[in-house]
Structure formats: structure tokens, C-alpha cells
């Protein structure tokens with residue numbers, strides 16, 4: 001037990017120390033003088049890096065770029081059998097699965113209704129999925145940069161930056177070098193990286209077993225750093241070829257949260273308010289720690305169904321309950337979705353924490369860039385409510401918060417919630433949806449709720465007892481992913497454009513609400529809990545909470 005506490009403290013301490021350092025590195029990347037290679041890329045792509053955009057042009061560029069990324073990935077998956085690097089001769093994906101997968105990776109969700117080792121070729125995994133892992137992560141970073149600039153400038157609607165320049169810099173100077181270095185570490189610790197086809201082996205029982213191989217380490221590196229989460233293998237990081245040792249497990253857990261944590265301090269440096277960044281980071285860090293302790297406690301508790309201590313089903317013995325608990329919380333507070341254990345087999349309360357983390361709109365660390373710009377929506381709402389309470393015009397970092405900013409903030413907060421609840425309600429009423437359940441009762445409801453929470457929250461993890469590879473779920477979850485991603489990005493860019501055309505006051509008035517102290521910390525945490533968590537309390541009571549109490553009557557589903 002002492003060893004586990006030491007490991008947990010090392011993990012949290014490392015996150016606390018390295019997040020501001022990585023944030024400083026990100027800040028310097030976007031201040032860095034344009035290199036010769038970068039100029040060459042701008043020239044061949046016809047990009048003018050000195051031309052700034054307003055929010056409409058920035059949004060249009062982002063949408064067009066992501067659409068063509070989706071379209072290219074869809075074609076790669078659909079026509080997979082005609083493309084190279086397919087030693088297993090896998091056929092192309094059917095249209096609905098190809099559509100779902102292309103949307104999934106283009107929106108940084110990485111929801112997988114298939115097992116990669118038995119469905120996708122090397123080319124599809126590398127040129128298709130891995131490429132989108134880079135681009136979707138950088139897209140989130142671009143939106144955060146635009147919002148940060150909108151807050152930090154005065155009277156300049158064309159000061160949000162250049163989307164194409166931001167995209168190239170984020171990919172070229174941040175994700176590519178970090179992923180390359182991390183992939184080398186992973187290979188050194190035993191993660192597979194090869195173009196060899198599957199190996200046939202004879203087991204101790206005398207049966208033949210097919211052992212799939214592939215370029216795994218290169219995909220794992222970016223899937224974790226980019227908060228993507230989609231695994232090369234169907235069981236994701238539970239597979240020994242993706243995650244062979246406690247060291248690789250620790251490094252991957254750390255890599256899930258480091259860039260989202262760094263984005264908090266990137267935002268603080270661009271807006272000139274590091275103390276405000278620390279206040280936001282403190283809220284995120286608190287929710288992370290509380291989540292880990294709750295999950296660890298309940299997963300280690302007495303299991304009335306099996307009559308043993310601990311909920312061990314679905315967990316790797318080599319990682320244990322603590323590492324499974326840390327990973328579950330880390331992957332759900334971030335929009336990562338990778339797993340080293342099966343969330344469907346967690347205790348009801350352990351599973352509840354994962355669902356709730358996603359339903360908080362992935363703002364506790366969240367995706368690269370996406371978590372921070374999602375958190376700012378809650379920050380703006382907090383500032384507005386505090387201003388109303390004291391009878392002052394709300395201000396945020398020297399800029400007045402008015403009707404347009406609050407409307408867009410509420411839209412960005414409520415749209416994913418509406419999608420989750422509406423699509424879940426539809427699915428429990430449709431026979432095609434219910435036929436995919438392998439579990440009934442409250443756990444069956446939790447599986448459907450988790451699926452749409454994961455889709456709309458752009459997380460990608462699942463309660464895998466739900467057979468999601470059907471036309472109904474492939475299409476419905478794809479729609480949820482699109483609305484959950486761009487239904488937040490567009491309001492954020494509108495806010496960026498609106499704030500950019502306002503004057504930023506450097507003088508803090510006597511009645512202004514401080515966004516740096518303990519009062520702000522408590523209010524922001526309260527708004528997140530009230531607006532974020534209580535929205536889903538009714539449905540959670542008839543899902544995992546009900547299942548928790550039924551479990552003590554020795555009933556399971």
C-alpha cells in the first residue's frame with residue numbers, strides 16, 4: 001500500500017512540475033522565428049503566414065481542413081483492399097463503419113467500433129489514423145491559440161492569427177518531435193514497431209495462435225500525446241504489445257495529461273496572467289485527485305458478487321488496481337479514451353466517475369487545446385454569475401463580458417449535454433439500439449449513456465458490452481461526435497472574435513472580480529459541479545447509482 005501511495009504521489013508531482021515547463025515550451029514555439037523549412041512549406045502550400053484572420057475566416061479554414069481530412073480518411077478505409085501495406089489482405093470497411101471511424105479520428109474522438117489488428121491494414125493505421133491523430137490534436141491547439149489572442153488584443157478583429165500557420169507550427173514543432181522521441185522510448189521498453197506480417201505460433205495446448213504485429217509504437221506515441229486514444233489493438237493499452245511493462249504504463253499515463261496541462265500555462269502566458277492559469281490548473285488538479293481517490297477506493301473495496309476484496313475482473317494483474325484507477329480517471333478527464341483495463345467491468349461507482357468525467361465536457365485537462373478552451377466557457381459563466389451577484393458589469397482579464405459571450409458560452413456548454421441525453425433517450429426507445437445490449441437493467445442503460453457521452457465528449461472510450469458496430473450506432477455516434485466537436489469549437493471562435501474587437505483595460509477596478517484567488521477557485525469548482533454534473537444526476541441515479549445499491553443484493557447484469 002505504501003508503494004502504491006508513493007507511485008501516485010510521483011505521478012501527480014511530475015504532472016505538477018512539468019505542466020508549466022511544457023507550457024513555456026509551447027509558448028516559445030509560437031514566438032519562434034520562422035525557419036527555412038517552414039518558409040518552404042508556406043511557399044509550396046501558397047500560405048501567407050503574415051496574413052491574420054478574423055474569426056469567420058479562421059473557422060472556415062478549420063472546417064474545410066477538417067472536412068477534407070475526414071474525406072481522405074474515409075476513402076482510405078473504404079478502399080483499403082486496393083491500397084499498399086496490406087499483408088493480411090483485409091477488405092475495405094463497410095460504409096457506415098468507415099464513416100464512423102473517419103469522423104471519430106477527424107474529431108479527436110477515436111471511438112473504435114472494430115478491432116484494429118483484425119480489420120485495418122498497416123497503411124490504414126499509419127497513413128489514415130495516425131495522420132489524423134496529429135491533425136485533430138493540432139486543431140484543438142489552434143482554437144485555443146485563437147481564443148487566447150482574442151482576449152489579449154485591443155480593438156483588432158484580425159488578430160486571431162493564421163490557422164494554416166498555427167497548424168503547421170503545432171504539428172512541426174510540437175507533436176512530431178515529441179512523438180518521435182516518445183516512440184523511441186516506447187520501443188526501448190518493449191512496444192512493437194515492425195512491418196512484419198502476423199506470426200503463427202503453437203500454444204502449450206497444441207492449438208495454433210495468430211499473433212498480430214505492426215507499427216504500434218509510432219501510433220501509441222501520438223495517440224497518447226495528442227489525447228486521441230485509439231489503439232492499434234482492440235484491447236488498446238491492455239495489450240502487451242502496446243503497453244508491456246509498468247514503466248511503459250507510467251509513461252503513457254503521464255503523456256495523456258502533460259500537453260493538456262501545458263495548454264493551461266500556454267493560455268496564461270499569451271493572456272499575460274500566469275496566476276490565473278494556476279487557479280484554473282488547481283481546479284483541474286483537484287478534480288483529478290478526487291476522482292483517482294474515489295475510483296481507487298471503490299475498486300479496492302469488497303466485491304459482494306464475487307465475495308473477494310477488489311474488483312479485479314477486466315484488469316491486468318501486472319498493472320493492478322491503482323494503475324487501472326489512475327488510467328481510467330486520466331483517460332476520461334482528458335479526451336483520450338485509451339484504456340489499460342475494461343471500464344465495463346469496473347464497480348458501479350468506479351464506472352460512474354469515468355462517465356461523469358466525460359460529461360463534464362472534457363474540461364478537466366481535456367484534449368490538447370480543447371480542454372482549456374472548454375474550461376474558459378465555464379470561467380466566463382463563473383465571472384458573469386459573480387458579476388451579477390455583486391451588481392457589477394462582469395469583466396474577464398480586462399475585457400467586458402456581455403450578452404454575446406454568455407450566449408455562446410451557454411451554447412457550448414449545453415449542446416453536448418443535450419446531445420448525450422437526447423440520443424440516449426432515443427436509443428432506449430429503439431429496438432435496433434436495444435438489440436446491441438449484452439447487459440440489461442441499469443448497467444445496460446449505463447452502456448448506452450457511456451457511448452453517447454463518449455461520442456459527444458470526443459473521448460472514445462466505451463463500456464464494451466455494447467455492440468456498437470451496427471448501422472444505427474455507427475451513424476448516431478458519428479453525428480454525436482461531429483456536434484460535440486464543432487458545436488463547441490464554433491461558439492469558442494465567435495467568443496474569440498467578439499472579445500478581439502473590445503478594449504482590454506489594464507486597470508483593475510475596485511469592483512472587479514479577481515480570477516486568481518481562492519474565491520474564484522471555489523466559485524469555478526461550484527459552477528462546474530452545479531452546471532456540469534447535476535445536469536446528468538437524474539439519469540445517473542437510474543444507471544450506475546442504482547446498480548451500486550442493487551449489487552449488495554447479490555444482483556448483477
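Yeah, the Cβs are placed from backbone N, Cα and C, and that goes for glycine too.
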Given ranges 389-409, 410-430, 431-451, the stretch to which Swiss-Prot attaches the annotation transmembrane segment: 410-430
Per Swiss-Prot, the range holding transmembrane segment, considering 127-147, 148-168, 211-231: 127-147
Swiss-Prot annotation of transmembrane segment - which of the ranges 38-58, 59-79 it falls on: 59-79
Interface present between the transmembrane segment (6-26) and the transmembrane segment (475-495) (three or more C-beta pairs under 8 A): no
The transmembrane segment (127-147) in contact with the transmembrane segment (363-383), cutoff 8 A, at least 3 CB pairs, sep 6+: yes
Outside the transmembrane segment (59-79), six or more residues from its ends: residues with CB under 8 Å to it: 53, 92-93, 95, 97-99, 101-103, 105-107, 120, 123-124, 127-129, 131-132, 135-136, 139, 142-143, 163-164, 167, 486, 489-490, 493
